[in-house]
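> Can you keep this structure in mind? I'll have questions shortly.
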Amino acid sequence: MGKGKNHDRKANPGFGKVKSKSGTSTGEFTLKRVKGENFYRDAKSASRVKMLNGGKAVRDRDGKIVEAAAFQKGEKEAEPGRVKPDRRWFGNTRVISQSALDHFRTALKEQKADPYSVLLKRNKLPMGLLQDDTKDGGRRPHIVETEPFGNTFGPKAQRKRPRLDIGSIEELGESSAASAAAAAAETATAESQGNGTADLADIYHPTTSTAREPIYAKGTSRRIWGELYKVLDSSDVVIHVLDARDPLGTRCKPVVEYLRKEKAHKHLVYVLNKVDLVPTWVTARWVKHLSLSAPTIAFHASINNSFGKGSLIQLLRQFSVLHSDKKQISVGFIGYPNTGKSSIINTLKKKKVCTVAPIPGETKVWQYITLMRRIYLIDCPGIVPVSAKDSDTDTVLKGVVRVENLATPAEHIPALLERVRPEYLERTYGLEHVEGGWHGEEGATFVLTAIAKKSGKLLKGGEPDQEAAAKMVLNDWIRGKVPFFVAPPTKPESGADAHVSSATTEKVQEQEQKELAEEKETKEMLEEQERSLGKVLGIKRVKGVEQPISKIVTMTKFLGDDARRYVEEEEVDVDDVDKEMAEEDEDEDEDDDDDVEESGEDQEEEELAWDDVFPEEAAGVDAADGEEVEEDDEEEEGDEDDEDVPSAKQLGKRKAIDSDEEEQTAIKAKRMTTNKQKASNFYTHANVKNRNRDRKVPKNPGKRSRGDDEPTGKKAKKRR
């Protein structure tokens, strides 16, 4: 058998080279080897054995370490030493006196109580020692854990006398009598003031029946509260949405206390929604009252005609600036059912991203919505805190329960009649005037019978259907068709409860004016100091949130004494504020607006006015002005669509308009140069389904010189 050419080593000089298991091609007699590599182990297996045996010290037969392991200290390094006798080694490194500690504790307490101060950086201090909760009614010390009973009493007692607050039976009786007298005095004070059933309920704590119908337990399930805690844990800013008609009644006090104690690093903001259903002075008073505990913003949720949108977005931008170390912040919306949480999110996004309905319980699970590149919104289902003070009727009147699911809705009408003025019911349902109004079950029966007959809610035999009428009244109550609001906590200075003389009233008004003037001067001085400090340090000043509450359009018509207005403080001119901030915020970053359809920073000035939405009901002069502006806009759009070459009159008119726009761009140059579309109401200038045919718009004499209805432009040429 012959040999092939591959068998000849001389003909094939590379025959002796083989590829090792380690991946390197080496010759048979190469000198380059890895440590540990021999005939039995290649380089890879040698390194594996070294890994398994490594990290251990090498010892001899007696157990003494011959070679120390890697990163192991030798015995010589731990020789006995002697510390130099110096006071600096054994003295206290940081010493503080008790007076300085008390001063720091007081300042810390004041800053923590301030809702407008934000903790940006936490110092490494023993905060548990600085916060004295036992003095201010906080948690009691666990005395059983610190001093057990066996170590205090009995044969194994470690002290001679136990620490007891009461030493005898007489002292125990005196303390109980004093507490009972204090409770009786508090009750008598509440009854004498006559603040209503809510304050008395706080004192007496009425109990509710344990066997309640399941429909009255809406918003209290474990699933709903699980969704709430998901939102609270995921949010950096928590917005509590309140109903402007009853803010304190729709406030979840346990959730607020939980945020104060357990989640103090999260920011709480109150949003007073549905401000169009109450008078403006009520909104102003509630905003002033709630601002003492947390930042409060008045809001009206509407995609086309909202109020407070710019202020809320501006506040959220301030929080995003404070948390500049985070990539984004999350804003959670919580509150009672049917308070408008999802509607506020739709208003901020200017489109329907959350399902909304005028009935409670529409939102079932939480939902994430992107507002900006750095701001996310979280929608939460409505929650109802379990309280012994709320009866079934209170739950229904707060809008928690769906009215159509109530078995006996007529039983809640007597409480409704106590909260609504009779004049509003007469005006809403066309009832006959009754001196003194309606009270109790008899009054409720009379009202429901009259409403059922008037609306055609009848049973067999012509009997009025009181349950159907009660459902209709409750639905109107929840949707705001029946005027109602809870008066803010103020001093009664007018009306039937006012017994103060005119001289005293004038003195009080003068004193209030002086206080307001002093507050204004102090505020201006602080603002000047902030501006000067910002210029020195090179820090950009954050624009404050201002709201013209007097410009809120109220949909409900109130009577004279309910619609009264008080001048809380002097209104700040919005244009002046915009001028100042335009000079200071020229270098403002616009990256946050990349993913926003409507930023809303100056939305208050661009929102529709009442004249644009309802031109027929507006005043004559204002309506005429608004219609002229609309006519100009319509004619400009028509010129762009129909004519290629504008006439001389049109050029002159456009120059005048351009000059006006240049004056506005001097104030808000950055806003006017963007390509964002302004809000406009389609139904004010369009004849939808021929319903707007009778609307007469004042014609501009400089626009058309010939017939009133004669068309111009390309369309006219085509018709000819």
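Sequential numbering from 1, following the chain as shown.
For all residues, glycine too, the Cβ spot is worked out from N, Cα and C.
According to Swiss-Prot:
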type     : residues                                                                                               : note
BINDING  : Gly335, Tyr336, Pro337, Asn338, Thr339, Gly340, Lys341, Ser342, Asp379, Cys380, Pro381, Gly382, Ile383 : GTP binding site
COMPBIAS : 132-145                                                                                                : compositional bias 'Basic and acidic residues'
COMPBIAS : 507-527                                                                                                : compositional bias 'Basic and acidic residues'
COMPBIAS : 568-615                                                                                                : compositional bias 'Acidic residues'
COMPBIAS : 624-645                                                                                                : compositional bias 'Acidic residues'
COMPBIAS : 674-687                                                                                                : compositional bias 'Polar residues'
COMPBIAS : 688-704                                                                                                : compositional bias 'Basic residues'
DOMAIN   : 225-386                                                                                                : domain 'CP-type G'
REGION   : 1-27                                                                                                   : region 'Disordered'
REGION   : 130-162                                                                                                : region 'Disordered'
REGION   : 488-527                                                                                                : region 'Disordered'
REGION   : 568-720                                                                                                : region 'Disordered'
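Structural setting of the listed features?
When secondary structure is read from DSSP and collapsed to three states, Lys341 (GTP binding site) falls in the helix class. All protein chains considered, the CB of Lys341 (GTP binding site) has 28 other CB atoms within 10 Å.
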> If the GTP site is taken as the center of the Cβ atoms of Gly335, Tyr336, Pro337, Asn338, Thr339, Gly340, Lys341, Ser342, Asp379, Cys380, Pro381, Gly382, Ile383, which further residues of that chain fall within 8 Å of it by their Cβ?
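Filtered neighbour residues, in order: Val241, Phe333, Ile334, Pro360, Thr363.
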> Looking only at the domain 'CP-type G' (225-386), report the model's average pLDDT.
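Overall, the domain 'CP-type G' (225-386) comes to a mean pLDDT of 90.
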> Reduced to three states, what secondary structure does DSSP give Asp379 (GTP binding site)?
strand
> Would you mind checking how many other C-beta atoms are within 10 angstroms of the C-beta on Gly335 (GTP binding site)?
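24, counting other Cβ atoms within 10 Å of Gly335 (GTP binding site).
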> What's the longest C-alpha separation between any two of Gly335, Tyr336, Pro337, Asn338, Thr339, Gly340, Lys341, Ser342, Asp379, Cys380, Pro381, Gly382, Ile383, the listed GTP-binding residues, in angstrom?
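14 Å is the greatest Cα spacing among the residues binding GTP.
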